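Enquirer: Let me begin by handing over the structure; questions about it come next.
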Amino acid sequence: MSRKASEDVEYTLRSLSSLMGERRRRQPEPGAPGGERSLLAAESAASLQGAELERAARRQFQRDETPAFVYAAAAFSALGGFLFGYDTGVVSGAMLLLRRQMRLGAMWQELLVSGAVGAAAVAALAGGALNGALGRRSAILLASALCTVGSAVLAAAANKETLLAGRLVVGLGIGIASMTVPVYIAEVSPPNLRGRLVTINTLFITGGQFFASVVDGAFSYLQKDGWRYMLGLAAIPAVIQFLGFLFLPESPRWLIQKGQTQKARRILSQMRGNQTIDEEYDSIRNSIEEEEKEASAAGPIICRMLSYPPTRRALAVGCGLQMFQQLSGINTIMYYSATILQMSGVEDDRLAIWLASITAFTNFIFTLVGVWLVEKVGRRKLTFGSLAGTTVALTILALGFLLSAQVSPRVTFRPTAPSGQNATCTEYSYCNECMLDPDCGFCYKINSSAVIDSSCVPVNKASTNEAAWGRCENETKFKAEDVHWAYSFCPTPYSWTALVGLVLYLVFFAPGMGPMPWTVNSEIYPLWARSTGNACSAGINWIFNVLVSLTFLHTAEYLTYYGAFFLYAGFAAVGLLFVYGCLPETKGKKLEEIESLFDHRLCTCGTADSDEGRYIEYIRVKGSNYHLSDNDASDVE
């Protein structure tokens with residue numbers, strides 16, 4: 001700390017001391033009625049407030065002293081988030097080219113999309129034991145190596161089996177990174193920057209998704225090898241992360257846990273610059289000693305977490321947040337944004353891909369807003385507001401599809417199916433009914449913006465660009481005759497509603513429900529349970545990710561498009577109640593202080609918010625709790 005900053009700190013502390021001394025002089029004499037009780041309350045309150053103000057003053061002057069080293073560690077760590085976003089987002093555009101070149105059926109398309117997600121879920125569940133044994137740094141090095149190898153395999157793949165192998169390897173890498181990166185960032189960050197730096201990981205995830213959408217659009221014009229560039233480019237950030245982590249240290253908390261105290265102290269000092277580390281070091285060491293005593297009981301860590309009420313509640317909150325993040329439809333929006341836009345009436349594939357990049361850009365920009373808000377608003381309020389807006393946006397999106405369905409063109413021409421050909425499609429009466437059947441397409445003409453001579457006929461299994469028979473059988477011929485063919489969308493004047501709904505959804509989702517489940521999970525577990533807790537919550541995230549992404553098209557088929565989005569809106573509304581009742585505020589608290597937030601019953605812990613103007617404080621003195629009541633606090637005044 002500079003000499004000027006040190007002088008400012010000392011001046012501030014002297015002023016605080018003088019202020020607290022003046023406050024004590026105004027208290028009643030011990031012999032006065034209620035004097036002893038009031039004096040004790042006043043001294044307790046003064047001590048609490050003085051200590052808090054002192055810490056606040058030191059944080060204020062130390063804030064600018066945080067070494068650039070900490071920011072570099074957070075940035076290289078967050079490249080794992082970039083890979084997460086890129087590899088999960090790029091496949092939607094690549095699939096448009098792959099399915100034609102390799103003649104992929106529906107099953108193989110689903111395998112390639114969900115293979116990486118499923119592998120990531122397995123890796124995340126096993127990742128707790130992995131980074132607990134190897135360390136956070138080694139786990140991230142392994143993740144970046146897997147992503148590099150997997151991306152190279154994908155770029156060079158000659159068949160669909162090799163593609164699947166590459167996707168599985170990439171999935172293992174991003175699964176390990178998804179639950180290790182937030183923990184590493186949280187453990188190397190100072191308390192006043194922890195929430196913001198952890199949120200940077202989600203910023204990089206959304207940045208990766210946006211970059212993937214731009215890459216998809218740029219290489220969509222290369223029909224033959226464009227997908228190789230799309231899938232192979234992920235190797236570049238993976239190599240950068242691997243090289244960067246060769247020069248970054250291990251988490252000091254993990255080192256202390258493993259008994260490497262001198263190395264941990266040296267790294268902690270390096271990460272805090274000129275700030276004193278004695279208090280933080282002692283706090284970490286004491287918490288580890290207490291947690292080792294608690295963890296000395298036999299049995300798996302997950303069993304001990306479930307048998308100990310505070311960690312059981314923390315695990316329920318952490319896993320619940322990850323579950324509702326997925327059930328509110330985020331990866332339906334991100335994986336299928338181009339498909340959703342096409343469903344709404346956007347005819348051209350390339351236009352749908354470029355419009356999808358708008359949603360990815362919105363996600364990226366408003367994640368930046370979340371980075372700014374997280375330490376100002378707090379985790380609880382930001383998450384609650386985000387889910388409330390998400391619920392409204394999903395409802396608007398559903399209403400847009402409902403409006404389009406109500407004006408869906410009628411089938412006015414029913415051609416006779418050739419002998420031996422499927423005639424099921426000709427039985428549908430409206431375009432939206434026709435589109436819900438993946439084997440059917442809509443053939444029509446336009447007269448003065450009105451749809452005429454429309455029919456529902458089977459799609460050509462070799463190419464979805466034309467029908468199996470009838471007027472739209474030959475793409476070159478029917479286009480010359482001014483006949484139009486629609487597959488997976490209906491002509492409608494309300495196609496713009498989907499883009500508006502998607503953008504509005506991400507405006508609300510990105511600042512809160514995007515980063516907060518990861519931020520909260522990096523904070524709420526004691527050290528002995530942190531790896532396992534984050535592994536379980538990340539695994540839940542990936543499991544529901546697989547569930548939602550694999551069922552969206554079938555859900556839309558059985559419930560209609562608007563029914564699917566009404567369903568997601570219902571899930572988001574239930575998540576809103578969950579956050580209101582169960583999520584406590586962790587803003588500004590040390591990792592060692594957060595465990596006590598879950599001493600309350602689950603249905604009330606979310607309401608125990610000290611920032612709401614209450615005067616209740618708990619003072620830990622030699623293992624005892626002294627409670628300063630509202631009445632005592634009023635006596636202080």
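The backbone N, Cα and C atoms fix where each Cβ goes, and this holds for glycine too.
Okay, so Swiss-Prot annotates it like this:
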- Asn422: N-linked glycosylation site (CARBOHYD)
- Asn447: N-linked glycosylation site (CARBOHYD)
- Asn474: N-linked glycosylation site (CARBOHYD)
- Ser6: phosphoserine (MOD_RES)
- Ser44: phosphoserine (MOD_RES)
- Ser47: phosphoserine (MOD_RES)
- Ser629: phosphoserine (MOD_RES)
- Ser634: phosphoserine (MOD_RES)
- 16-38: region 'Disordered' (REGION)
- 1-65: topological domain 'Cytoplasmic' (TOPO_DOM)
- 87-114: topological domain 'Extracellular' (TOPO_DOM)
- 159-167: topological domain 'Extracellular' (TOPO_DOM)
- 189-201: topological domain 'Cytoplasmic' (TOPO_DOM)
- 223-228: topological domain 'Extracellular' (TOPO_DOM)
- 250-313: topological domain 'Cytoplasmic' (TOPO_DOM)
- 335-352: topological domain 'Extracellular' (TOPO_DOM)
- 374-382: topological domain 'Cytoplasmic' (TOPO_DOM)
- 404-497: topological domain 'Extracellular' (TOPO_DOM)
- 519-538: topological domain 'Cytoplasmic' (TOPO_DOM)
- 584-637: topological domain 'Cytoplasmic' (TOPO_DOM)
- 66-86: transmembrane segment (TRANSMEM)
- 115-135: transmembrane segment (TRANSMEM)
- 138-158: transmembrane segment (TRANSMEM)
- 168-188: transmembrane segment (TRANSMEM)
- 202-222: transmembrane segment (TRANSMEM)
- 229-249: transmembrane segment (TRANSMEM)
- 314-334: transmembrane segment (TRANSMEM)
- 353-373: transmembrane segment (TRANSMEM)
- 383-403: transmembrane segment (TRANSMEM)
- 498-518: transmembrane segment (TRANSMEM)
- 539-559: transmembrane segment (TRANSMEM)
- 563-583: transmembrane segment (TRANSMEM)
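Could you place these features in context, so I can see how deep they sit and what lies close by?
Expert: Taking a C-beta cut-off of under 8 angstroms and a sequence separation of 6 or more, Asn422 (N-linked glycosylation site) has the following same-chain neighbours: Asp439, Pro458, Ala468.
Neighbour density for Asn447 (N-linked glycosylation site): within 10 A of its CB lie 9 other CB atoms from the protein chains shown. DSSP classifies Asn447 (N-linked glycosylation site) as strand under the three-state reduction.
Within 10 Å of the C-beta atom of Asn474 (N-linked glycosylation site) sit 13 other C-beta atoms, taking all shown protein chains into account.
Per-residue pLDDT, averaged along the topological domain 'Extracellular' (87-114), amounts to 76 for this model.
The helix, strand and coil residue counts that DSSP assigns across the topological domain 'Extracellular' (159-167) are 8 helix, 0 strand, 1 coil.
Residues 59, 62-63, 66, 70-71, 74-75, 77-78, 80-81, 181-182, 271-272, 275, 367, 370-371, 374-375, 379, 515, 518-519, 522-523, 586-591 of the same chain lie 6 or more positions beyond the ends of the topological domain 'Cytoplasmic' (189-201) yet place their CB under 8 Å from a CB of it.
Broken down with DSSP, the topological domain 'Extracellular' (223-228) shows 3 helix, 0 strand, 3 coil.
Below 8 angstroms of C-beta separation, residues 88-89, 91-93, 96, 113, 217, 220-221, 359-360, 400-401, 404, 435, 486, 488-492, 494-495, 497-499, 502, 549, 552-553, 556, 561 of the same chain, each at least six residues beyond the ends of the topological domain 'Extracellular' (335-352), sit close to that stretch.
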Enquirer: Tell me whether the transmembrane segment (383-403) sits in contact with the transmembrane segment (563-583), defined here as at least 3 Cβ pairs under 8 Å among residues 6 or more apart in sequence.
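Expert: When sequence-distant Cβ pairs are counted, the transmembrane segment (563-583) touches the transmembrane segment (383-403), since at least 3 lie under 8 Å.
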Enquirer: Between the Cα atoms of Asn447 (N-linked glycosylation site) and Asn474 (N-linked glycosylation site), what distance do you get, rounded to the nearest Å?
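Expert: Per the Cα atoms, Asn447 (N-linked glycosylation site) and Asn474 (N-linked glycosylation site) stand 21 Å apart.
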Enquirer: In the topological domain 'Cytoplasmic' (519-538), how many residues does DSSP put in helix, strand and coil?
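Expert: Reading the DSSP string over the topological domain 'Cytoplasmic' (519-538) gives 15 helix, 0 strand, 5 coil.
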Enquirer: Could you count the residues of the topological domain 'Extracellular' (335-352) that DSSP puts in helix, in strand and in coil?
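Expert: Going through the topological domain 'Extracellular' (335-352) residue by residue, I get 12 helix, 0 strand, 6 coil.
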Enquirer: Please list the DSSP helix, strand and coil residue counts for the topological domain 'Cytoplasmic' (374-382).
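Expert: The counts are 8 helix, 0 strand, 1 coil.
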Enquirer: Can we call the transmembrane segment (353-373) and the transmembrane segment (498-518) in contact, meaning three or more C-beta pairs below 8 angstroms at a sequence separation of 6+?
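Expert: The answer is yes, given that the two segments have at least 3 Cβ pairs within the 8 Å cut-off.
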Enquirer: Go through 66-86, 168-188, 539-559 and flag the stretch with the largest number of C-beta pairs under 8 Å relative to the transmembrane segment (115-135).
Expert: 168-188
Enquirer: Below 8 angstroms Cβ to Cβ, which residues of this chain, lying six or more residues outside the topological domain 'Cytoplasmic' (374-382), approach it?
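Expert: Counting only partners 6 or more residues beyond its ends, the topological domain 'Cytoplasmic' (374-382) has Cβ contacts under 8 Å with 192-193, 195-196, 199, 511-512, 515-516, 519-520, 579, 583-588, 606, 609, 611.
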